[in-house]
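Encoded as structure tokens, the structure appears first; notes follow it.
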Amino acid sequence: MNPHAKLISIMSLALGTSITISSNHWILAWTGLEINTLAIIPLISKSHHPRAIEAAIKYFLTQSTASALILFSSMNNAWSTGQWDITQLNHPTSCLILTMAIAIKLGLVPFHFWFPEVLQGSSLITALLLSTLMKLPPMTLLLMTSQSLNPALLTLLAVSSALVGGWMGLNQTQTRKILAFSSISHLGWMIVIIIYNPKLTILTFIIYSLMTSTVFLSLSQIKVLKLSTMLISWTKTPMLNSTIMVTLLSLAGLPPLTGFMPKWLIIQELTKQEMTPVATTIAMLSLLGLFFYLRLAYHSTITLPPNSSNHMKLWRINTTPNTPTAILTVLSISLLPLSPLITTLV
């Protein structure tokens with residue numbers, strides 16, 4: 001991809017995200033979402049592979065549909081109440097349409113089918129952007145309107161996402177699809193608490209972004225796209241594979257790693273809100289995700305006997321130190337002792 005085109009796309013992503021998260025008017029927020037959509041499409045299709053082109057088309061169709069629904073929801077609310085302010089979403093039909101639109105944007109169940117396919121057709125770095133940065137604008141809109149939305153509907157979407165994200169990730173062999181279903185499952189945890197404690201949703205999103213960035217950057221460094229390739233990478237980069245294993249366990253939410261903190265706080269908050277059945281259900285559903293995280297961790301640390309490979313130049317792996325990955329790894333596995341301080345700040 002042309003470096004200038006890549007720079008323009010990245011700058012447009014930053015611009016679109018900034019516009020959406022800082023605006024109070026629906027038209028400005030919609031404009032930022034559209035800039036984001038148009039900026040990420042060249043990054044998805046940069047390899048010119050048929051799968052990448054297909055992923056870009058799927059992404060464009062789903063995101064444009066969701067953006068149209070957001071615009072329709074805001075116009076319907078303005079027609080009924082005379083308000084274009086994002087926080088003044090009071091019309092019930094507008095609230096329902098907006099919930100559906102943001103569910104499509106985020107890839108929540110039952111509007112999740114596009115997300116694994118788009119990630120599978122993208123490079124690892126583009127998949128990282130789709131899993132973290134591109135979730136930020138719709139999540140911001142959801143945070144700003146959460147007090148107007150239906151709690152029962154959001155809880156249903158959250159529990160369904162945790163169930164489907166864990167269940168459909170069990171049988172996957174492609175790392176990008178596994179991480180896509182991981183993202184859907186984590187979104188369920190964020191959505192279930194968004195009405196009762198929005199700051200906890202922000203904390204969960206930040207920690208999820210840290211852990212997911214670590215995994216994607218590490219996989220990109222050792223050029224692993226599927227489990228069978230991960231099996232033969234241990235002998236070449238044992239230290240990096242070890243950090244991937246620990247980060248995956250953190251992503252699964254095992255103590256004493258960082259990923260345990262948001263799940264613990266969410267279950268605690270749900271119990272305070274007298275939603276113990278929901279807390280129990282979503283905690284049990286996280287065991288499904290734990291299975292495929294352990295599967296990934298297991299594949300990252302076992303070795304195969306010497307065998308021939310069809311991959312060209314597989315042994316030529318860049319082993320230069322990667323400072324961002326190292327910093328993200330430390331944050332992804334060691335923040336749990338600081339949880340009292342973090343919760344105080346948030």
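Every residue gets a Cβ built from N, Cα and C, even glycine.
The shown structure was predicted, so the numbers you read here are calculated from the model rather than taken from an experiment.
Among the features that Swiss-Prot reports, transmembrane segment is placed at 25-45 (among others), with the record citing sequence analysis.
According to Swiss-Prot, the feature transmembrane segment maps to 52-72 (among others), an assignment based on sequence analysis.
Taken from Swiss-Prot, the feature transmembrane segment covers 95-115 (among others), and the record attributes it to sequence analysis.
Positions annotated as transmembrane segment by Swiss-Prot, on the basis of sequence analysis: 124-144 (among others).
Positions annotated as transmembrane segment by Swiss-Prot: 149-169 (among others). Counting residues 6+ beyond its ends, the transmembrane segment (149-169) has Cβ neighbours under 8 Å at 95-96, 98-99, 103, 108-110, 112, 116, 142, 177-178, 181-192, 194-195, 275, 278, 281-282, 285-289, 291-292 in the same chain.
Residues annotated as transmembrane segment in Swiss-Prot: 178-196 (among others).
Look at Swiss-Prot and you will find 200-219 (among others) tagged as transmembrane segment, backed by sequence analysis.
Swiss-Prot lists 247-267 (among others) with the feature transmembrane segment.
The feature transmembrane segment is assigned by Swiss-Prot to 274-294 (among others).
Summarising the annotation, Swiss-Prot assigns transmembrane segment to 326-346 (among others).
Counting Cβ pairs closer than 8 Å to the transmembrane segment (95-115), the top stretch among 25-45, 178-196, 247-267, 326-346 is 178-196. Ranked by number of Cβ pairs under 8 Å to the transmembrane segment (25-45), the listed stretches 124-144, 178-196, 200-219, 274-294, 326-346 are led by 124-144.
Listed by sequence, the residues of this chain that lie at least six past the ends of the transmembrane segment (247-267) yet keep a Cβ under 8 A from its Cβ atoms are 182, 189, 192-193, 200, 203-204, 207-208, 210-212, 214-215, 218, 279, 282-283, 286, 289-290, 293-294, 296-297, 300, 329, 331-337, 339, 342-343. Away from its own ends, the transmembrane segment (274-294) comes close to residues 155, 158-159, 162-163, 165-167, 169-170, 172, 178, 181-182, 185, 188-189, 192, 248-249, 251-254, 263, 266-267 of its chain (Cβ-Cβ under 8 Å, at least six residues beyond either end).
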